[in-house]
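Colleague: Structure below; questions to follow.
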Amino acid sequence: MDKNLKKDLKIRHITMISIGGVIGAGLFVGSGAVVHSAGPGSIVSYALAGLLVIFVMRMLGEMAAINPTSGSFATYAREAIGPWAGYTIGWLYWFFWVIVIAIEATAGAGIIQYWIPEIPLWLLSLILTILLTLTNVFSVKSFGEFEYWFSFIKVISIVLFLCLGLAVILGFVPGTEAPGTSNLVGQGGFMPNGISSVLLGITVVIFSFMGSEIVAVAAGESAEPVKAVKTATNSVIWRILVFFIGSIAVVVTLLPWNSANILKSPFVAVLEYIGIPAAAQIMNFIVLTAVLSCLNSGLYTNSRMLFSMAERGDAPKAFLKLNSSGVPVRAVLFGTFFAYIGVVFSYISPDKVFLFLVNASGGIALLVYLVIAVSHLRIRKKMGKVEQQHLKVRMWLFPYVTYVTIAAIIAVLVAM
C-alpha cells in the first residue's frame, strides 16, 4: 500500500464514488446517439456492455482486495505480465484521463456559456479546470467530499427520472397517455437497424462506463480498503442495471427511437414529454454536475496513477513530492497542464487533432479492460489453493468467464 498518501477516504466516499463515478455526460447526452442508431435494441447494447464491465470490475475487485494500491491495474499488470505492461498501461491510462479532463472542461464551458454567453469558452474551460485542480490539491478528503455530493446529485436525479418515467409507463400521471409497447416494437421492430447496430452500440457504450475502475485507485487512500472494494464491487451489478439499463428502457418505452429530440438529449426529451417545466434548464444543471464530477475524478485518478508510476520508477521521481496534506501536487499540476493543452486543441483543431484524441481514448479504455482481465488470469493461476480459498472478493466461474471476457473485449476492439 502507498504509505505516504493519506488514508482519508471513508467508506461513504468510496461507496458514493463507486455509485456515481460512472454516471457522466455519456449517459445523459451520449446515450441519444446509441438509441438513435440501435433503436429499442439499445437496451441490449447497454446490457451486454454492462455485463462485460461487471466481469472486469469483479476481476479488478479481487486483485484490489489482495493489494489495494493507487497504482491499481498498472501495478497488477507489472506483477502479472511484466514491467513493460505496467509501464505502458500506466501511461496510456494517464493519457486517457488527460483527454477526458479536456473533454469535460470543454463540455462544462459550453453549458455555462448557455447562461453567461459573454464569457469566452476557452476562459470558462480554464476556470473550471483551475477550480477542480484546487479542490484536488487541497486534500484527498476535499476531493472525496466534492465527489460525494456531485455523485449524490447525479444519483438522486436519475432515481427521480426513473420514478417519473415508470409512473407514466404505468399510467399513473394524469394528462399523459401510457405508451404500452408501441415504441418498443411499433417503429420498425425492437432492432429496427438489425443486430449489427446493437453490437456496434457496445463500442460506444463501453466508453461511457469508464470510471467504474476509479474505486480501485481510490482504495489506496481508503481507511478500510478491503471493505471499500468489497462494497463497491458487490454494488456494480445493480448500479448498471438500475442507472443505465433502467434509464435507457424508460427513454425507448416513452418515445419513438427515431425522434430527433432523442438524438439531441434523450433525458430532456422525456422530461418535456412528461410536461416538466424548464426541462432543458434542469438537465443542463444535472449534466454540468456530471461534468464537474468527471473533471474532479479525472484529476484525482490521473495524478494517483502518475504518483504510483513514479514509485515504481516508470515516471520521474519528482512526481513523488507530497504537500502537507499528503497530495502529490506536482502530479496533479502536470496532468492539469496537459489537459488544458487538450482544451486548446478542442478550439483550434476540433475536427482533426481533438477528434483523433477523443477516438484514441475509446481504444485505450478497452485496452485497460483487456489488461485487467489478462492480469487477473495470470495472478490467479500463480496462486496456491490455500491462497485462493481465502480470497476476500472472488471472480465467478474462474477461469471460464475470464476467458470469455478477454475474447469479448478483443472482439469489440476489432469492431471499432
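From the backbone N, Cα and C atoms, a Cβ is placed for every residue, glycine too.
The transmembrane segment annotation in TrEMBL covers 12-35, 41-60, 91-116, 122-140, 152-174, 194-215, 236-258, 278-299, 327-348, 354-374, 395-415. Residues or ranges marked as domain 'Amino acid permease/ SLC12A' by TrEMBL: 13-416.
Each of the listed features needs to be described in terms of its position in the shown structure.
Modeller: Long-range contacts of the transmembrane segment (12-35) within the same chain: residues 42, 45-46, 104, 107, 144-145, 147-148, 150-152, 154-155, 158, 201, 204-205, 207-212, 214-215, 218-219, 222, 228, 231-232, 235-236, 239-240, 243-244, 247-248, 251-252, 257, 262-267, 283, 286-287, 290-291, 293-294, 297, each at least 6 residues beyond the stretch ends and with a Cβ under 8 Å from a Cβ of the stretch.
Model confidence over the domain 'Amino acid permease/ SLC12A' (13-416) is summarised by a mean pLDDT of 87.
With a threshold of 8 Å between CB atoms, the same-chain residues lying at least 6 positions outside the transmembrane segment (122-140) that come near it are 5-6, 8-9, 101, 105-106, 108-109, 112-113, 146, 221, 292, 295-296, 299-300, 303, 323, 325-327, 329, 332-333, 336, 339-340, 343-344, 346-347.
Only residues 6 or more beyond the boundaries of the transmembrane segment (194-215), in the same chain, are considered here, and those with a CB under 8 A from a CB of the stretch are 14, 17-18, 21-22, 24, 26-27, 30-31, 33-34, 37-39, 41-42, 44-46, 48-50, 52-53, 56-57, 60, 64, 72-73, 96, 100, 228-229, 232-233, 236, 240, 244, 294, 297, 300-301, 361-362, 365-366, 368-369, 372, 412, 415-416.
Residues 18-19, 22-23, 27, 31, 34-36, 38-40, 42-43, 46-47, 50, 53-54, 57-58, 155, 158, 161-162, 165-166, 168-169, 179, 181, 183-184, 187-188, 192, 208-209, 212, 266-267, 269-270, 273-274 of the same chain lie 6 or more positions beyond the ends of the transmembrane segment (236-258) yet place their CB under 8 Å from a CB of it.
Same-chain residues lying 6 or more positions outside the transmembrane segment (278-299) and placing a CB less than 8 Å from one of its CB atoms are 17, 20-21, 23-25, 27-29, 97, 100-101, 104-105, 107-108, 111-112, 114-115, 128-129, 132-133, 135-136, 143, 146-147, 150-151, 153-154, 157, 211, 214, 265, 267-268, 271-272, 332, 335-336, 339.
For the transmembrane segment (354-374), the residues of the chain that approach it from at least six positions outside its boundaries are 52-53, 55-56, 59-60, 63, 73, 76-77, 80-81, 85, 89, 92-93, 95-96, 99-100, 102-103, 203, 206-207, 210, 213, 342, 345-346, 402, 405-406, 409-410, 412-413, 416, judged by C-beta separation under 8 angstroms.
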Colleague: Should the transmembrane segment (395-415) and the transmembrane segment (152-174) be scored as in contact, given a threshold of at least 3 Cβ pairs under 8 Å and pairs 6 or more apart?
Modeller: no
Colleague: By Cβ distance under 8 Å, which residues at least 6 away from the ends of the transmembrane segment (327-348) in the same chain are close to it?
Modeller: 5-6, 94, 97-99, 101-103, 105-106, 121-122, 125-126, 129-130, 133, 136-140, 298-299, 302-304, 306-307, 310, 318-321, 354, 357
